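Annotated features in TrEMBL:
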type	residues	note
REGION	A:1-55	region 'Disordered'
COMPBIAS	A:10-21	compositional bias 'Basic and acidic residues'
COMPBIAS	A:26-47	compositional bias 'Acidic residues'
REPEAT	A:167-200	repeat 'WD'
REPEAT	A:353-386	repeat 'WD'
REGION	A:515-538	region 'Disordered'
Amino acid sequence: MSSARSRRKRDPEIVIARDTDSELSSSEEEEEEEDNYPFSESEEEDEAVKNGGKIELEKNKAKGKAPITVKLIKKVCKVCKQPGHEAGFKGATYIDCPMKPCFLCKMPGHTTMSCPHRVVTDHGILPTSHRNTKNPIDFVFKRQLQPRIPPIKPKYVIPDQVHCAVIRYHSRRVTCLEFHPTKNNILLSGDKKGQIGVWDFGKVYEKNVYGNIHSVQVNNMRFSPTNDDMVYSASSDGTIGYTDLETGTSSTLLNLNPDGWQGANSWKMLYGMDINSEKGVVLAADNFGFLHMIDHRTNNSTGEPILIHKQGSKVCGLDCNPVQPELLLSCGNDHFARIWDMRKLQPKASLHDLAHKRVVNSAYFSPSSGTKILTTCQDNRIRIWDSIFGNLDLPSREIVHSNDFNRHLTPFKAEWDPKDTSESLIVIGRYISENYNGTALHPIDFIDASNGQLVAEVMDPNITTITPVNKLHPRDDVLASGSSRSLFIWRPQDKTEMVEEKKDKKIIICYGDSKKKGKKQKRGSDDEDDEDDIFSSKGKNIKVNKYQAKTTKKTKT
DNA sequence: AAAATATGCCACC
DNA sequence: TGGTGGCCCTATTT
């Protein structure tokens, strides 16, 4: 029990609900800095390395002394297998393999530690050539649309404090999030296993998990524009589900694998999905490059699938323009984001192809005017096109940002703040960690897309996992994050404190792990009788001193 | 506490 | 193009 008390002392704002787990090892850990870092100065070792390691040295034979046998295991870098250096974490700081290009900007000649994009506040914008402003449409845009966009940027409100959380809510990692269109405290979450969670984070304890909708990962969810209770979901099982959140009843609107498993080469998966309410269609795209459409009123598919990306390549995302219903944006594994005219949907008939260097995880029109485009690419760059009416050959800005592909992680996607009328604030999780007072944490970055400035980096010492899934609330100053199997709700610090004065404190609920859940899977919804498991892994007792989201400076080591 | 494993999927040949 | 190998700051379990 003393451990629980001491944790509270360190982190007074967090109340652990249902703390049945009393064996939290009190945290004497960190800062032990066992300096065994394998750059040994010993002659023997140097020689050993020269000789290719793993050797036996026999000394002083001639002098008749007993032979000294020294066995050395060859120390090689786990990344490049070369001796002389080692890559990996040293404490909370990751040492790159010098033989590899920089893990952040991908340029050779330096490592991530010394990458110029790592330490600067503007995250390294790469300016592109000057825009062509002679375009007449651009002129119209500047006269008619631009005045609506306020010239002065609002002061950003950053939700930087964990307000509440459900730990290990899902049994597999979270893949997508969606806020309810009208109920402010309802968050939908999809996971790798195909389950969809409905969480009332206002009441914190109220949650529901639907496990019967999909058999594998949910890639996208959208509420019906005509009925708040109904949700469309696209899954790697090749189906679009249509679920009533009140009753849990679900129907399948589209099934791309009606004949079941015929091998990996033919199994279709659905990724990007969006709804065009003007046209009354649900759009979804598969991993073979095709776009599928479903009539939203009859719930029947309309027409044949259309090839919109390279044949056989995955379409990662779809986005309908919020202002111009004729405009559709897609992105995919063929390294392109494409702008489409809905009236002219046919192969190779896109209005524009936005070239990228790697897979494009996401592409979004800006939320209010629909005139900007934001993409997230696996080449560790966020790209912004400031006007779809201008010259689209090159992005207006490229922002170097750590959001690599990793098979174990849900792909990173930069998301607009839907409340920011200046259409500049974006949020995206960061892959690489920073050393925050001895703890490796992966922050969530708020970036001003208009200039590449890092506005804020938010993190919580209890969240040691990478947080690739983030969504900003459409109306409130709330950030929802999916990190591994857990969900987090962030609110601005000052507001949180106001709430705390009159109400209780932040609550973190913890549920049992997936194994335990297996025994009573049938009940699907409430597993509250499961044993709690409070931050059971490394994060629980980390000592991190006060940090400030807006002005955080990394502790360099 | 090191090692396995779950796994998808992208890059590359 | 299809097959194969990597897997270069994962998370979790054993």
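Backbone N, Cα and C atoms are what each Cβ position is placed from, and that goes for glycine too.
Residue counts of the repeat 'WD' (A:353-386) by helix, strand and coil are 0 helix, 19 strand, 15 coil (DSSP-based). Long-range Cβ contacts of the repeat 'WD' (A:353-386) within its own chain (Cβ-Cβ under 8 Å, at least 6 residues beyond either end) map to 104-106, 126, 131, 141, 145, 148-149, 314, 316-317, 319-324, 327, 329-333, 335-339, 392, 395-405, 411-418, 421, 423, 426, 428, 447, 449-450. Confidence in the repeat 'WD' (A:167-200), given as mean pLDDT, stands at 94. For the repeat 'WD' (A:167-200), DSSP puts the residue distribution at 0 helix, 18 strand, 16 coil.
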